[in-house]
């Protein structure tokens with residue numbers, strides 16, 4: 001089988017003044033007037049002078065350049081966040097990240113934009129535990145978040161009790177402390193990232209424009225996108241350990257309180273009345289893995305790569321909680337108590353007093369509803385979600 005030797009072909013073209021003047025190019029592909037600047041050729045010149053046969057494969061050269069320029073980036077994939085309870089999902093994360101850089105960058109950027117949005121969404125709300133709510137919901141981006149307003153055919157106001165009752169202050173404070181994932185950089189991360197950066201610098205520094213068979217720079221440039229993806233995930237520090245997260249949230253929900261139905265205003269632990277909670281991660285138990293209440297199988301996978309599948313349901317759930325906090329904040333700003341008794345003022349700048357946040361189940365349920373709307377409006381899309389998707393898509397297309 002015939003093959004093409006581009007190096008010899010380029011030497012032949014440079015030796016013929018007619019050929020290099022009509023088809024010789026510089027690094028930018030422009031025709032030149034000086035033979036010393038010729039490092040390439042036009043496509044038509046390549047076809048006529050070099051032929052169309054493929055270049056002979058040189059395994060020693062390939063293996064040397066592969067190990068020198070690609071292995072550092074391949075080892076960098078070990079620093080990608082995983083967290084799935086099974087090896088198949090973790091292996092799929094590596095393969096999908098390598099095979100679809102654009103989708104990997106999109107998931108990273110939508111996570112960053114969601115974190116910024118949720119802080120902006122709760123910034124204007126003045127009600128107890130709103131800062132803790134931001135931390136908790138932001139750390140649940142890598143989970144299948146589900147929000148339940150009521151239970152037992154609407155008799156138990158789950159979400160309203162979670163937000164309004166002072167007994168649940170400890171739930172929000174403990175949740176913000178336990179669900180926050182603070183591990184980001186380590187010596188292993190720094191060594192892997194540094195190795196890839198140094199390998200890329202050496203690749204560019206040792207590049208020989210006159211050698212047309214070198215593949216090292218092409219391989220390094222093709223994998224360069226992985227570096228900002230890994231660094232980005234290390235900076236955002238996603239909470240993606242599914243088993244750990246589910247266990248913590250289950251223990252946290254065991255401390256939640258709820259208003260029992262009827263005229264008794266005394267809150268009781270929620271687990272004494274129902275097995276459902278206002279904020280849950282679905283599926284709550286992995287043994288029911290076949291019963292997934294999700295729009296797609298990707299939505300229920302915990303690695304952050306699959307955040308693209310959770311962007312709409314997560315934003316919708318956060319918006320539902322934000323609207324409830326907002327309604328309670330507006331009523332509190334008007335000095336309206338839950339049970340309708342006179343308002344007990346607090347010190348300037350202090351939080352709403354617990355005595356203003358107690359009442360029966362019906363009163364608690366009404367307190368998070370917007371005034372003039374007996375039933376909350378159901379929105380298919382959270383405000384601004386399409387804008388964040390568009391921004392993330394543009395950046396993914398540009399960087400990927």
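Positions of Cβ are set from backbone N, Cα and C atoms, glycine also.
For 62-82 (among others), the entry in TrEMBL reads transmembrane segment.
As annotated by TrEMBL, transmembrane segment applies to 94-113 (among others). Counting same-chain residues at least six beyond the ends of the transmembrane segment (94-113), those with a Cβ under 8 angstroms from any Cβ of the stretch are 77, 80, 141, 225-226, 228-229, 232-233, 236, 238, 304-308, 311, 388-389, 391-393, 395-397, 399-400.
Long-range Cβ contacts of the transmembrane segment (184-202) within its own chain (Cβ-Cβ under 8 Å, at least 6 residues beyond either end) map to 68-69, 72-73, 75-76, 78-79, 220, 224, 226-227, 230-231, 234-235, 237. The transmembrane segment annotation in TrEMBL covers 184-202 (among others).
For 214-234 (among others), the entry in TrEMBL reads transmembrane segment.
Cβ atoms under 8 Å from those of the transmembrane segment (214-234) belong to residues 62, 65-66, 68-70, 73-74, 76-77, 79-81, 97, 101, 104-105, 108, 112, 184-185, 189, 192-193, 196-197, 199-200, 203-204, 206-208, 304, 399-400 of the same chain, restricted to positions at least 6 beyond its ends.
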